[in-house]
Amino acid sequence: MGQGLSCRVQDEHGLFTAVQFGDLEIVKTVLERDPSLIQQKTVYDRHSALHIAAANGQIEILSMLLENRSVNPDSLNRHKQTPLMLAAMHGKIACVEKLIQAGANILMFDSLNGRTCLHYAAYYGHSDCLQTILSSARTSHVASSWGFSRFVNIRGGKGETPLHLAARQRRPECVHILLDSGALVCASTGGHGLPGSTPLHLAARGGSMDCIRELLAWGADRLHRDATGRIPYAVALKHKNGACAALLNPSSAEPLVWPSPLKFISELNQDAKALLEQALMEVNKEREKAILKNTGYSMPSPSHSDTTAMDDNISEASDSQLCCICFDQLCAIEVQDCGHQMCAQCTLALCCHNKPNPTTLSLPAPICPFCRSNIARLTVVKVKVNTADQELDLYSSPKQRKSRKSMNLSEGSSSFRSLSAVPSFGKIVGRGSGRVSVDIEIDKP
Ligand SMILES: [Zn+2]
Ligand SMILES: [Zn+2]
């Protein structure tokens, strides 16, 4: 028996090493020689070959192992961790996807801290894995049996939600995704960190300005007290996160809060949402600068590529018109059904003029500032007009023509633009091509 065991241990060792380093041929050879080895686990940690493949991102071997029907995608190691948890911990997105496809259960809890794969992805800041697990939760049995929002706010052994962990570990992207998926910004922990801590307390401790900015923009309460009576401001001071403390100081200016309770905000399409979220962050960063200047802190080094993204938006919208409210930004958002346009920042100012009442979450519904009609939808201003539309434009009614012109026809219609009666504030690319007859035609009543 001793002989057999030592021989087997040697084989296992060969197998696990080959899995770790992704040597598919050796893995195949070893398993052909002894198919039962596929069920073997390492002696101490009780890792299966699947755990090792997942943790090391060996997607080929992982896929090969999962083809074997006797392999359980949810096999457990010594700490009751599944291969999916290890893949989420190490940010091996391909393995996360494959395991979920193969039916891995996203609702398993380890025995270390009672945490799920979603906690792992949030803690280690792998936003792609986090996103994949969340999309799976939206569509899988979890949504019907548990409910999606319950899953997003799933608690570990000490009451910590994935949002608590992401905030504590300085993972702003994960914080954003979780909040956007319905994570409760004011949830307090049972025993994780200091009891009664909210994500904002933990972000104050972690010292990430980006996390704090996200949380505040989603309505985190600066006055919430943990079990020892401390507000996040006191936590930041204690951990010597001075710049964070300045933002968390209840006496400094309040940031704009994303107006999520508004119906048309919750129904925004992706483009409009991205544009408005970006504008919100820009406005809040400007406020931060003012706060930090007064307190003698300088703005921490830019950790975001926000500025480049913003530049893209501007050049994209460069054919549209200057906002008639601020005369500073270009119109980017159109109010429907009336069709009035304004810039993203003015749209936000309209929607965020006061914080939602924390108990009722009710906001007075804003109306169009131009015509006072109700806002059914907000969309991104479209500036691209194809050739067929331009042709059509020549024959449309004067009223329609006027409204079209006020959008400053773009691309390929440079002759229209150069002689257009509407002053163009945007960057003018290209000039008239001499098709004057057309322009005269169009300017006639
Ligand atoms: Zn404006
Ligand atoms: Zn209107």
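For all residues, glycine too, the Cβ spot is worked out from N, Cα and C.
Note on the domain 'RING-type' (323-372): mean pLDDT across this stretch is 84. Residues or ranges marked as domain 'RING-type' by TrEMBL: 323-372.
The region 'Disordered' annotation in TrEMBL covers 397-418.
What TrEMBL lists as repeat 'ANK' is 45-68 (among others).
What TrEMBL records for 79-111 (among others) is repeat 'ANK'.
Per TrEMBL, the feature repeat 'ANK' maps to 113-145 (among others).
The repeat 'ANK' feature in TrEMBL is assigned to 158-190 (among others). Beyond the repeat 'ANK' (158-190), the same-chain residues lying 6 or more positions past its ends with a Cβ under 8 Å from any Cβ of the stretch are 113-115, 118-119, 121-127, 130-131, 134, 148-149, 152, 196-200, 202-203, 205-208, 210-211, 213-215, 218-221, 224, 226, 303.
For the repeat 'ANK' (195-227), DSSP puts the residue distribution at 17 helix, 0 strand, 16 coil. Under the heading repeat 'ANK', TrEMBL lists 195-227 (among others).
Note: the stretches the repeat 'ANK' (79-111) and the repeat 'ANK' (45-68) are in contact (3+ CB pairs below 8 A, sequence gap of 6 or more).
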